[in-house]
């Protein structure tokens, strides 16, 4: 296993950790806004790390360009989707949870 | 070993999602399960070495059916505002026996397929042997247009027939208002369109061109283009229209007509039917089919006979 | 090593996805359930990208690109649902 491979592996595992964090946030956070916050950021960081790891692994500029495009479009989609869902929740009269251990 | 675990996990989640999507506690959950089922399905096709199907599944599932069901759900709520529970049909007593019988049938066929001797000459090997002489690199495009061209011709006819029958049963309600899902000036939506719409057009043309040599082709490209149209309808940039539009009707028919005309032409100089005269014919038919498929899907989604552009600011 | 790690990562991502399904059941609002769908598309994209590297199928990257490109369509359709009466629509 070369050095590049081990760096890629570390990045991939770090990406998985961010995905795990996103899922835990989705399951444990108290209200819809917090959950959005957890998902939209953690998952896209995870996607970024996985893309970088895979780009190093493939060692090919063309592949790296596609991966970068996937990540950028993913960011855009997540931003817009999160915004739209939050807007819908807000217009439905959801009040953001205050601090306190009110979990469901 | 770990590959096997992965495949088993995909199989189990596919079955679970399929059961949930018809049996969920509410229609909305059923829709979400169906969308996720589509994503899991594209993973399954990927594992089965069938990127063409994974791509078609992703484009249709993510781009058209999810949105279609969401819109249908909304219409149902609008029609019966206070009786959501009645939206779900009562469970049928036949469901379990039929599911068991179907499962047994699939199991028997699967076992028989595993035990059967591999045939010495499969159609697939014949295709791969003859592909070299056609100039195509993608065996799937070769099968669709050269070796089984008649099937594809009928498929594109079926698509047109589906659109005509859908239009025959569509009620003349004002679709303009009800399909647009939010006020068109919602922040970020314009930015999304400005990036995603050109990108979808670019990707679909790329898929069309790449279809000759690698994964892609008219169906995938058409589905992506249709998803772009759905996006424009949902954001209120394109609206349903009842006016006759020669451009839309030409687009609907161009795929079928070019296939038929180019397919009939070889008869003039004594060649068999549908013996396509060369690579240019394949690309021409594929492009025409892409336009027709995309337009048909968008019109099916909009439930209208025609489309018109709507300007916002 | 890498050949074992890549499928293990896909496996992990799919388990993640299944865990996220819990949010579809628990709700409580439609927006919560919709969020889970957002998680699924990002996770599937990552899984497809890793699969593309592991199985040496470059076209899977195009599939991943399609999914991220079209992911926002479902959210756009979702916001059309009438706000404010979602509990009534989903609690049964």
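From the backbone N, Cα and C atoms, a Cβ is placed for every residue, glycine too.
Caution: TrEMBL annotation is automatic and unverified by curators.
Copied from TrEMBL, the annotated features are:
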- B:14-76: domain 'MrpA C-terminal/MbhD' (DOMAIN)
- B:192-284: domain 'Na+/H+ antiporter MnhB subunit-related protein' (DOMAIN)
- B:6-24: transmembrane segment (TRANSMEM)
- B:31-48: transmembrane segment (TRANSMEM)
- B:54-73: transmembrane segment (TRANSMEM)
- B:94-114: transmembrane segment (TRANSMEM)
- B:145-166: transmembrane segment (TRANSMEM)
- B:187-205: transmembrane segment (TRANSMEM)
- B:217-235: transmembrane segment (TRANSMEM)
- B:247-269: transmembrane segment (TRANSMEM)
- B:281-302: transmembrane segment (TRANSMEM)
- request: Over the span of the domain 'Na+/H+ antiporter MnhB subunit-related protein' (B:192-284), count residues by DSSP class, listing helix, strand and coil in order.
  value: 65 helix, 4 strand, 24 coil
Tertiary contacts of the transmembrane segment (B:94-114), as residues 6+ beyond its ends and Cβ separation under 8 Å: none
Message: Ranking B:54-73, B:187-205, B:217-235, B:247-269 by the number of C-beta pairs under 8 Å to the transmembrane segment (B:281-302), which range is first?
response: B:217-235
Field: Result, the transmembrane segment (B:54-73) in contact with the transmembrane segment (B:247-269) (3+ CB pairs under 8 Å)
entry: no
Task: Take the domain 'MrpA C-terminal/MbhD' (B:14-76) and count its residues per DSSP category (helix H/G/I, strand E/B, coil), listing them in that order.
output: 57 helix, 0 strand, 6 coil
